[in-house]
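Annotated features in Swiss-Prot:
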SIGNAL    1-21  signal peptide
DOMAIN    40-82  domain 'Fibronectin type-I'
DISULFID  CYS42-CYS72  disulfide bond
REGION    43-53  region 'Important for binding to annexin A2'
DISULFID  CYS70-CYS79  disulfide bond
DOMAIN    83-121  domain 'EGF-like'
DISULFID  CYS92-CYS109  disulfide bond
DISULFID  CYS128-CYS209  disulfide bond
DOMAIN    128-209  domain 'Kringle 1'
CARBOHYD  ASN153  N-linked glycosylation site
DISULFID  CYS180-CYS204  disulfide bond
DOMAIN    219-300  domain 'Kringle 2'
DISULFID  CYS219-CYS300  disulfide bond
DISULFID  CYS240-CYS282  disulfide bond
DISULFID  CYS346-CYS362  disulfide bond
DISULFID  CYS354-CYS423  disulfide bond
DISULFID  CYS448-CYS523  disulfide bond
SITE      LYS468  site 'Important for single-chain activity'
DISULFID  CYS480-CYS496  disulfide bond
CARBOHYD  ASN487  N-linked glycosylation site
DISULFID  CYS513-CYS541  disulfide bond
SITE      ASP516  site 'Important for single-chain activity'
Amino acid sequence: MMSAMKTEFLCVLLLCGAVFTSPSQETYRRLRRGARSYKVTCRDGKTQMTYRQHDSWLRPLLRGNQVEHCWCDGGRAQCHSVPVRSCSEPWCFNGGTCRQALYSSDFVCQCPEGFMGKLCEIDATATCYKDQGVAYRGTWSTAESGAECANWNSSGLAMKPYSGRRPNAIRLGLGNHNYCRNPDQDSKPWCYVFKAGKYISEFCSTPACAKVAEEDGDCYTGNGLAYRGTRSHTKSGASCLPWNSVFLTSKIYTAWKSNAPALGLGKHNHCRNPDGDAQPWCHVWKDRQLTWEYCDVPQCVTCGLRQYKRPQFRIKGGLFADITSHPWQAAIFVKNRRSPGERFLCGGILISSCWVLSAAHCFQERYPPHHLKVFLGRTYRLVPGEEEQTFEVEKYIIHKEFDDDTYDNDIALLHLKSDSLTCARESASVRTICLPDASLQLPDWTECELSGYGKHESSSPFFSERLKEAHVRLYPSSRCTSQHLFNRTVTNNMLCAGDTRSGGDHTNLHDACQGDSGGPLVCMKDNHMTLVGIISWGLGCGRKDVPGVYTKVTNYLDWIRDNTRP
């Protein structure tokens with residue numbers, strides 16, 4: 001009898017795996033604020049999803065062809081590994097791999113890069129919404145007030161008309177997440193936020209996609225998964241076949257597919273990206289055979305867009321900030337000469353996938369390029385970010401006429417090293433800044449922003465441990481002269497900006513400081529943050545009526561283009 005019990009127990013272990021709890025990855029949350037009732041929930045640290053008591057779910061393991069089966073029990077997620085097989089139906093979107101538990105109907109989707117969610121239905125690369133945002137499936141989660149959106153699966157939304165537990169939630173973009181959506185075809189994406197003891201709906205601060213200078217403004221964002229435009233020609237000029245063409249009966253993606261409407265397929269020949277490819281495409285009849293080609297659809301302008309989070313902590317010289325508020329900010333490090341490791345050198349600005357702008361004076365010691373390293377997506381100067389991207393430097397270019405005495409022509413370019421034609425991948429934490437038009441002239445005293453990891457004040461012994469932002473105003477050229485800067489040389493390649501607040505305590509005026517060099521001075525233009533200056537030099541930090549001096553970017557657009565051509 002004992003032997004039989006042991007055998008049965010061993011069999012259970014082999015089939016199901018050992019059950020365990022992981023309190024470090026799951027959070028026991030007690031939602032007890034205002035009118036909300038006491039609820040026990042579990043938060044899955046791997047997927048960042050929340051579950052109610054007795055809910056169960058699957059999550060993929062990093063190793064092997066197995067997944068974990070988990071359930072919420074008393075605020076803790078209990079999990080064990082289970083064997084899986086390929087799903088009988090293709091439940092996953094965007095090329096996700098479907099795995100079904102061997103002894104149940106539960107399944108899990110292993111998503112390709114750039115997608116997430118239970119069914120890989122969330123496009124992590126989408127940075128803005130088109131039209132009303134009904135098809136928006138990005139990851140923006142901040143309301144216009146700055147409040148964080150509530151999870152659509154929250155128990156407090158059970159009686160709301162739109163929640164993640166609706167039968168058609170997936171089709172509406174709702175689910176176990178807190179990302180902005182527009183399920184009711186309102187004027188723009190929105191979400192629920194908790195205010196004054198109750199959940200209310202509020203429009204999101206998600207940026208609208210800019211119209212490109214095309215005849216019809218038709219463009220795609222990310223990889224074009226949500227593209228629902230009307231373009232119907234490929235890059236070679238071929239006309240697309242209708243998705244219900246008789247020639248496509250043997251193809252996977254057609255107007256007859258069960259989820260065709262959700263994929264944008266139908267009785268038309270408009271370009272689409274139903275399989276999560278690199279960009280919109282279509283079927284074409286070419287050279288007497290059926291094939292497919294990428295479409296001639298331009299990509300929407302996404303530079304200068306951000307998920308701005310209102311700073312919560314005021315410090316000397318500025319405000320602590322999150323990298324998603326300044327996703328073009330780069331941190332440049334250099335190898336130590338006499339000891340292992342590397343040290344922070346300067347700030348930088350991402351202007352394209354493989355190019356970073358900075359200040360020439362940062363590289364006066366002519367470091368070998370392989371001694372430099374560029375970090376993108378980092379909120380804390382010395383702590384890796386969740387979506388951080390790291391690059392070695394292939395080469396850097398200092399302006400030939402840089403004057404190390406006056407800091408005239410204080411501009412440099414760093415070329416990031418990559419094995420492919422692209423380097424930085426766009427995300428909420430990493431994005432390019434818009435370069436200005438050569439004719440850009442902003443009004444005097446326009447409020448702009450700068451960011452960096454520099455010192456809080458000139459007497460500080462250390463650089464800031466966290467990214468900071470500062471709000472300054474553009475000085476008129478008549479106030480940006482040697483006379484106003486203690487006879488220091490000021491050239492036409494420079495501009496001035498500073499904190500113009502008056503009265504009260506002036507010891508906390510916003511300004512750049514040592515360590516911020518090479519970072520961005522950006523201003524809003526046509527709903528996009530646009531690079532106006534590069535942090536160059538100043539007389540002290542945060543002194544009343546003494547502006548900081550910046551490299552005037554409009555004077556170097558030709559130089560930038562000439563040096564970044566392939």
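Quick reminder: no glycine exception, Cβ is built from N, Cα and C everywhere.
Residue environment of CYS209 (disulfide bond) contains 23 other Cβ atoms, counted within 10 Å of its Cβ in all protein chains.
Ranking the recorded positions CYS109, CYS346, CYS362, LYS468, CYS480 by the distance of their Cα atoms from the Cα of ASP516 (site 'Important for single-chain activity') places CYS346 first. Shown are the disulfide-bonded residues CYS109, CYS300, CYS362; the one with the most C-beta atoms within 10 angstroms of its own C-beta is CYS109. Looking at CYS70, CYS448, the disulfide-bonded residues in this record, the fewest other C-beta atoms within 10 angstroms of the C-beta turn up around CYS448. Assigned with DSSP, the residues of the domain 'Kringle 1' (128-209) fall into helix, strand and coil as follows: 7 helix, 19 strand, 56 coil. It is 20 Å from the Cα atom of CYS300 (disulfide bond) to that of CYS523 (disulfide bond). In the domain 'Kringle 2' (219-300), the DSSP tally of helix, strand and coil residues is 7 helix, 19 strand, 56 coil. Note on the disulfide-bonded residues CYS128, CYS180, CYS282, CYS513: the fewest other CB atoms within 10 A surround the CB of CYS128.
CYS240 (disulfide bond) is 25 Å away from CYS209 (disulfide bond) when you measure Cα to Cα. In this structure, ASN487 is the one among the glycosylation sites ASN153, ASN487 with the smallest number of other Cβ atoms inside 10 Å of its Cβ. Comparing the disulfide-bonded residues CYS42, CYS480, CYS523 by how many other C-beta atoms lie within 10 angstroms of each C-beta, the top residue is CYS42.
Across the domain 'Fibronectin type-I' (40-82), mean pLDDT in this model comes to 75.
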